[in-house]
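Encoded as structure tokens, the structure appears first; notes follow it.
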Amino acid sequence: MNTWIAIGVTALGCYVVKLAGLLVPAQAVERPLVRRLAALLPVALLAALTAQQTFAHGHTLVLDARAAGLAAAAVALVLRAPFLLVVAAAVVVTAGVRAIGG
Amino acid sequence: MAQQTAPPDTSAEDAHKPDSAVVRDALGVGVAVGLSGFAFGVTSAGSGLSLLQSCALSLLVFTGASQFALVGALAAGGNPFTAAAGAFFLGVRNAFYGLRLSQLLALPRAVRPLAAQWVIDETTAVTLAQPTRRARRLGFTVTGLTLYLLWNLTTLLGALGAKAIGDTDAWGLDAAGPAVFLALLAPMLRTPTERAVAGLAVLLGLGLLPVLPAGVPVLVAALAAPLALVAEGRRRGRGADDAGRSDEPDATDGADGPGGSARSEEGR
């Protein structure tokens with residue numbers, strides 16, 4: 001039930017902001033500070049999420065095969081690999097490290 | 001042939017970008033990103049969501065980062081509202097895409113509620129790259145349609161596959177989520193302010209993880225954005241002060257030479 005609540009709230013919220021962008025007159029959100037904040041907010045969230053989903057296990061911080069996978073993804077990004085290849089590199093390296101590490 | 005008929009002017013050449021080229025651009029992005037719905041389906045099912053729940057997310061939310069964030073937060077035991085809040089904040093950027101797109105596409109009001117669901121990173125990127133309104137509308141529609149269909153189809157396949165695969169962690173699929181986030185984040189880290197925001201957010205997100213309820217550290221980490229803006233404003237203000245102060249000594253130095261000698265003469 002909790003999961004359905006989360007899905008419902010997220011779906012509604014995400015749709016409303018998409019629609020708002022198309023309907024709101026541009027000058028209402030054109031203020032430089034608002035635009036700047038909107039550009040920086042995803043940076044903060046994505047960075048925190050990347051770190052958490054790589055180094056967290058529940059409430060504890062851990063260093064495991066995911067870190068190697070993320071490093072592989074970073075290398076792929078530096079080499080300008082396409083999106084799918086970046087994700088594949090992370091998955092394959094993580095699985096590989098786990099297979100070797102037992 | 002095209003070279004003979006098109007004037008050498010590049011903007012005019014751009015304006016004659018054939019529909020087939022727009023469709024090719026749009027399909028390239030739509031297919032590549034659409035296929036990664038598979039990673040979402042697997043991750044979602046691996047996080048304990050049912051097949052129906054995973055598919056509902058792709059059908060109704062349809063903004064990848066928010067979906068990954070939501071299932072990640074739910075898997076970590078976050079309560080539904082903090083999990084949804086994190087996903088929502090990630091979706092807020094789509095409002096700003098919508099602002100740009102509504103000017104570029106000039107959609108009729110009746111179409112906007114339908115088009116809204118397709119307002120995401122990829123459709124915006126393709127639309128912005130097109131030279132004319134016709135090409136923009138075509139690019140937006142083809143990218144949106146391809147991505148929506150494929151993303152939902154591959155979500156279904158991924159969620160079904162997750163059961164067949166068994167332990168998704170053994171296959172390294174738990175690394176797909178963070179890799180997607182990193183791929184979305186990397187092009188945003190162009191200036192020192194963006195990098196500072198990312199660094200501070202990582203510190204907050206990891207540092208607070210052991211002490212705060214699941215999902216909350218990410219929301220606190222979002223504060224890195226306004227904090228960086230305040231710091232940037234301060235620095236800019238102080239930079240202006242510094243410039244003012246450094247001007248002053250220069251001015252007094254210049255006046256000091258003769259003034260000093262005048263004073264020393266007085267002292268004599």
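Placed from the backbone N, Cα and C atoms, the Cβ positions cover glycine too.
As given in TrEMBL:
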type	residues	note
TRANSMEM	B:26-43	transmembrane segment
TRANSMEM	B:138-159	transmembrane segment
TRANSMEM	B:171-189	transmembrane segment
TRANSMEM	B:196-229	transmembrane segment
COMPBIAS	B:234-248	compositional bias 'Basic and acidic residues'
REGION	B:234-268	region 'Disordered'
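When the stretches B:26-43, B:138-159, B:196-229 are ranked by Cβ pairs under 8 Å to the transmembrane segment (B:171-189), first place goes to B:26-43. Listed by sequence, the residues of this chain that lie at least six past the ends of the transmembrane segment (B:138-159) yet keep a Cβ under 8 A from its Cβ atoms are 19, 22-23, 25-27, 29-31, 33-45, 49, 51, 54-55, 57-59, 62, 64, 101, 105, 115, 117-118, 120, 122-123, 126-127, 129-130.
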